């Protein structure tokens, strides 16, 4: 039995290829059934995200194993084998275990240390358990990877610092305001970055959010999710005074929030401070706003310095995390090898017990027929000894004939010979 991890990710393949190799939730069961129908596959898990598609497999070794699995993947997705082969990575046994542990811990992610991947790996594993796993070693590998990811989170700072613009903006707000639960936040825009910001703010107990967008329809789904109020961009001037924090990210070619608008808002707020985080390019907030007293303006470049600093911290933490992964993968493989030895020991014990039972039954039968007890016991002892040492004796003789001193010493050691 061999453990494999093979696939493509954001480092090896462009999005144009990654999108062709994805497995949709609707077809995942069918794909797993097809995968397990391959004669060499004992069990499988399919991990498919926007940044990676990977197969984790327990397989029987055979000739052309790699070719057979690549062919299955290409046939399933109607791909040219050369296109896939140039982007595919292939990990076996210890390397496969290490790879899964790194993936689950966020060490192989586009954003180093991002936590979402662990949930995606857990879902892939859960989906595979619906009648598709069929391999205890593979199941144990995933369970171990989950505990390793938790250990990495607990024992290192891999997830402690913001490394996305959205998260950095929220981190900045939390550094400036003692509690976000009492502030009002105005979000300008309704794109992906603002969506992430809104979710981060909701996680940090922000109670009052206003979302301003050019079209109310696009903002409505987000407001339903986070419980915000929707206004149009034209309403910003009137509502700016209500906001303690303004975070803006639109595609507007011209500034949306000008110096005069902020001056009026500050006057209405009796100069209560305002934090403005402009993460748009081109900028949504006129740079002159930063010169106003009690208006604290941060641009995307300011956030980038925070992100760069935090990324360096994560990279330092990643070194610690890699050490944990290396140690845990080594321990897992030792456990797996021990399972193989346990099976051999069970087979050897069963074989020995079968010989014992066979000869004992014959001896008891002879005694019941009135045979000489001493002679029967001596015969039992002689036959039992010969049957039990027959296979080791042949192995010792063969090692001696082959001149294989290393094997001979291993056999001597296993038989307890001085």
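For all residues, glycine too, the Cβ spot is worked out from N, Cα and C.
What Swiss-Prot records for this protein:
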{"type": "ACT_SITE", "residues": "50", "note": "active site, nucleophile"}
{"type": "BINDING", "residues": "49, 50, 51, 52, 109, 114, 115, 116, 120", "note": "substrate binding site"}
{"type": "BINDING", "residues": "189, 190, 191, 192, 193, 194", "note": "NADP(+) binding site"}
{"type": "SITE", "residues": "99", "note": "site 'Important for activity'"}
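Feature map: annotations from Swiss-Prot on the structure.
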{"residue": "51", "record": "substrate binding site", "Cβ contacts under 8 Å, 6 or more apart": "9, 10, 18, 109, 110"}
{"residue": "99", "record": "site 'Important for activity'", "Cβ contacts under 8 Å, 6 or more apart": "5, 91, 108"}
{"residue": "115", "record": "substrate binding site", "Cβ contacts under 8 Å, 6 or more apart": "106, 153, 159"}
{"residue": "120", "record": "substrate binding site", "Cβ contacts under 8 Å, 6 or more apart": "47, 49"}
{"residue": "189", "record": "NADP(+) binding site", "Cβ contacts under 8 Å, 6 or more apart": "212, 213, 248, 249, 250, 251, 280, 284"}
{"residue": "191", "record": "NADP(+) binding site", "Cβ contacts under 8 Å, 6 or more apart": "249, 250, 251"}
{"residue": "192", "record": "NADP(+) binding site", "Cβ contacts under 8 Å, 6 or more apart": "none"}
{"residue": "193", "record": "NADP(+) binding site", "Cβ contacts under 8 Å, 6 or more apart": "165, 166, 249, 279"}
{"residue": "194", "record": "NADP(+) binding site", "Cβ contacts under 8 Å, 6 or more apart": "166, 187, 188, 211, 222, 247, 249"}
How many Å lie between the Cα of residue 50 (active site, nucleophile) and the Cα of residue 190 (NADP(+) binding site)?
21
Can you tell me whether DSSP puts residue 191 (NADP(+) binding site) in helix, strand or coil?
coil
Please find, for 49, 50, 51, 52, 109, 114, 115, 116, 120 as listed binding substrate, the greatest distance between any two Cα atoms, in Å.
15
Of 50, 190, the recorded positions given in the record, which has the fewest other CB atoms within 10 A of its CB?
50
